[in-house]
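Peer 1: Once you've had a glance at the structure underneath, I'll fire off some questions.
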Amino acid sequence: MAGGVVVNAAGGKTYPGHMTAFVFFTCLVASSGGLIFGYDIGISGGVTSMDSFLQQFFPSVYAQAEASKDTNQYCKFNSQLLTLFTSSLYLAALATSFVAASVTRVFGRKWSMFCGGVTFLAGSALNGAAANVLMLIAGRILLGVGVGFANQSVPLYLSEMAPAKLRGMLNIGFQLMTTIGILAANLINYATVGIEGGWGWRIGLGLAGVPALVITVGALALPDTPNSLIARGFNEDAKAVLVRIRGTEDVHDEYDDMVAASEEARAIEHPWRNILEPKYRPQLTIAVLIPMFQQLTGINVIMFYAPVLFLTIGFGDDASLMSAVITGLVNMFATVVSIVSVDRLGRRALFLQGGTQMFISQIVVGTLIALQFGTAGVGEMSKSNAMLLVLFICLYVAGFAWSWGPLGWLVPSEVFSLEIRSAGQSIAVCVNMTLTFIIGQAFLSMLCTLKFGLFYFFAGWMFVMTAFIALFLPETKGVAIEEMNLVWSQHWFWGKYVNVDGGGGSRRGGSNRRSNGV
């Protein structure tokens, strides 16, 4: 040990750092970017189950949904225009992620968050005042631009501001805010569905401006991260911020490492080209597969369409929205479990436990629906079976909320070297939004075609992704992000691509020298 620096299990440095008031404030404000993401997920599913909303914008879907109980329940809400309302946001977020990567790198993390808040605010105003489907879709596109900026910048900001030993907990604040946004939206849906005159959906869509205002104003009050400030030439400002967030003047080693990492990053002229090099193959694989797998858990099927799904399987209007509120509560409290345990148990343990729980729950949900509706989709679910279904959906949501939900954002944001960090995060956001759009757009058609087999489809993916984690994801808890290459170099599979001693990754000589010298 030297100067408060200790060697961690991976052979690299763990720098001094604890939960200062400044760290807590900055991470709390930044994580509020998750509110806009979560609020939209919850509100869009709720309004698409409201009769007044469907009557005004999607009358053919309303007529189809009002069909008698002997109609195929699996195809009750099948409409590409209806799903386009929900999924257009994610197509816009996908396109934005590439622009957001450049803004995040050139202007800093805080201004990318600000851009996200402003555009989301404009989209919420347009949606709340919508008079036709065109206005709805235009508003959704603006919301998508906001989500693209926020999802690019917030996880990076949190990972760079947090001390290594608290990085998991503080980064998951983004997911916690997402779950709070979902729950708030579900409660608003429940409170406004019965408003006389049928304009309750306008309140829900318009109130998206509240979380947008929080992140817009909050971003103005935040400092940028030391890593971003150094990369843009503001070295003295970076050191001052580092002193404040670490709560000690003894930050020389960590600051020097950040400067060294930034100098290496400046030498990389084409980060998009460099990320394809063999030495970055582990990080690129994680950037693609973790976000892809996160969406193939099927969670957005539940969270987007929870009210519609519950209506489809026989719940009444109010009961379906109340069931969505219940799943929203489970989602929020289970995320707290992840916050408490992620830096103690580690990423792998939560991934493996949550994946197993979700796999079992998907099988049970699919089987219950199969027993009730069969392949014809005709029937009405008994109260006891409906309660059992809600229970296993809650178990599924809980498993996601303490594993693939928060870790799907945390792990990609913490594994990249500085020189490819913005490009890597952009790829992660791009993959996430692409799969979210595809699944969101295809879900109702898939439900109509695959019927109860849709849940078995997602269960199969749960098996694949849990096996991937067991074999290919090393533990990253407590490792400084400047030292992350050591983790990959010691892995049984990735070590052949990332050879720290032999030049397989950035900071190769420095990392080895420092770990031997402390």
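Numbering starts at 1 and runs along the chain as it is shown here.
In case you wondered, yes, glycine gets a Cβ from its N, Cα and C as well.
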Peer 1: Given the ranges 349-374, 479-504, which one is assigned the annotation transmembrane segment in TrEMBL?
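Peer 2: Range annotated as transmembrane segment by TrEMBL: 349-374.
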Peer 1: Which range, 48-68, 111-131, does TrEMBL list as transmembrane segment?
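Peer 2: My reading of TrEMBL: the transmembrane segment range is 111-131.
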Peer 1: Between the transmembrane segment (349-374) and the transmembrane segment (453-473), are there at least three Cβ pairs closer than 8 Å, leaving out pairs fewer than 6 positions apart?
Peer 2: yes
Peer 1: Mind checking which residues reach the transmembrane segment (21-39)? Cβ under 8 Å, same chain, six or more beyond either end.
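Peer 2: Residues 113, 116-117, 120, 143, 146-147, 150-151, 153-154, 157-158, 161-163, 166, 170, 173-185, 207-208, 211-212, 214-215, 218-219, 221-223, 244-245, 247 contact the transmembrane segment (21-39) from elsewhere in the chain.
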Peer 1: Averaged over the whole of the domain 'Major facilitator superfamily (MFS) profile' (26-477), what is the pLDDT?
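Peer 2: Averaged over the domain 'Major facilitator superfamily (MFS) profile' (26-477), the predicted model reaches a pLDDT of 84.
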